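K.L.:
Before I ask anything, let me first share the structure, which is written out below as structure tokens.
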Amino acid sequence: MGMRMMFTMFLLVVLTTTVVSFNLDRESNHENRRTSNQITRGMWDECCDDPPCRQNNMEHCPAS
């Protein structure tokens, strides 16, 4: 193989690795975001049980 061919193969491998890595990272971020939202909802549930916190954050607590 010549130098050009080796350089082309190197660029192809780097590009492929970057694209695959980017797609996997994007998928994992959605999972992280969903988990983060669940934690946030759990924290609001605790806040909604506390009357002073509920009074200050009524937009996050369902009416009861």
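The backbone N, Cα and C atoms fix where each Cβ goes, and this holds for glycine too.
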K.L.:
Would you mind checking which of C47, C61 shares a disulfide with C53 in Swiss-Prot?
P.N.:
C47
K.L.:
DSSP on C61 (disulfide bond), three-state: which is it?
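P.N.:
Going by the DSSP assignment, C61 (disulfide bond) belongs to neither helix nor strand, so it counts as coil.
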